[in-house]
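Undergrad: Sharing a structure, written as structure tokens. Questions coming.
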Amino acid sequence: MYSLLRPALFCMDAERAHGAGLRALDLAYRSGTLGLLASRPAPLPTRAFGLEFPNPVGLAAGLDKNGEHIDALFALGFGYVEIGTVTPRPQAGNPQPRLFRVPEHLGVINRMGFNNAGVDALVANVRAARRDRGILGINIGKNKDTPNELAHTDYLTCLEKVYALADYITVNISSPNTAGLRELQEEQALRELVSRLREGQETLAARHGKRVPMLVKVAPDLSDADVDAAARVLAELQVDGVIATNTTIARVGMENHPLASEAGGLSGAPVMARSTAVLRRLRTRLPESIPLIGVGGICSGADAAAKMSAGATMVQLYSGLVYRGPALVGECVESIRRRREAPSSGVAHL
């Protein structure tokens, strides 16, 4: 079915198609015809961060920034859905156009800039959702006009407001589309920010009587030395997990493409190699007690299996869905299942 819808979506501007696709998804969900888009994969239970996931294939943050489509997205077969990135106050993001397909390379360039309706709107949407399946992650960020020295206040505001509703929370310090945000990945800044957030997490755990896991999402453009430094800090502060990686500002393999000069983060197939290299390096430098989610460039089941081989416990999709549609979810689940069941695969990272 998606093969029939895709040409119509690709005739539209990428951001308009994004909205149209989500509206079509909701319509199919409400009318009971979502099964025509993709069949739900058989369960492949996976344990991570103290949570039980129906399967290890999730939706990455960015597709549903405000949590308006949670139930429909779960119905596509994802084991978990991550919504956001959300900020304390609503913000419009960067000027349009700000989203570009690169079909020749199965890539997408975006400079959205954390456009979202604000954390209060997201909280209301989450409360209105049925949430009768899967694990819900909420990705939090800072407003663009909040200076880095006060960034912790934005993250703590979001952490507190979403804590009771999230199954896990992701701290996004790696988007290239908010000026200066990636500076928070530098060793000292990272230590200061995550220390404050860990304190907030423990305070909220005591208040709510439950501990919600907190993950940190990192960039693929970190040098090896910076990856090592980040790993030291995140291990020292005992974060619950790491997501590797966000989009890249590099244009490897498409340097001469007409869109290569567009500012923003590149996702999809072009980021697969570097993202997986960062994932692999993190796995060798973090204790096994800190699971990794591999995201970046997954356009096939083989790509998902490659992330698992590099040390991921689970994976996330986004740009691959643009080109492959919802069938990619089941394909990735089955590829990971085959890898897990293969005698040579050893013990899966759980």
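Please read every residue number as a count from 1 along the shown chain.
Glycine residues also receive a Cβ, built from the backbone N, Cα and C atoms like all the rest.
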Undergrad: The FMN site in Swiss-Prot lists Ala61, Gly62, Leu63, Asp64, Lys65, Thr85, Asn139, Asn172, Lys217, Thr245, Gly297, Tyr318, Ser319. Which one of Gly107, Gly113, Gly268 belongs there according to the record?
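TA: My reading of Swiss-Prot gives Gly268 as the candidate in that site.
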Undergrad: Which of Gly113, Gly268 (the binding-site residues) has the most other Cβ atoms within 10 Å?
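TA: Counting Cβ neighbours within 10 Å, the top one is Gly268.
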Undergrad: Counting distance between Cα atoms, which of the recorded positions Arg111, Gly113, Asn172, Ser175, Asn246 is nearest Asn139 (FMN binding site)?
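TA: Its closest listed neighbour, by Cα, is Asn172.
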Undergrad: Taking DSSP three-state, what's Tyr318 (FMN binding site) in: helix, strand or coil?
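TA: Assignment for Tyr318 (FMN binding site) reads coil.
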Undergrad: Is Asn246 (substrate binding site) helix, strand or coil when read with DSSP?
TA: coil
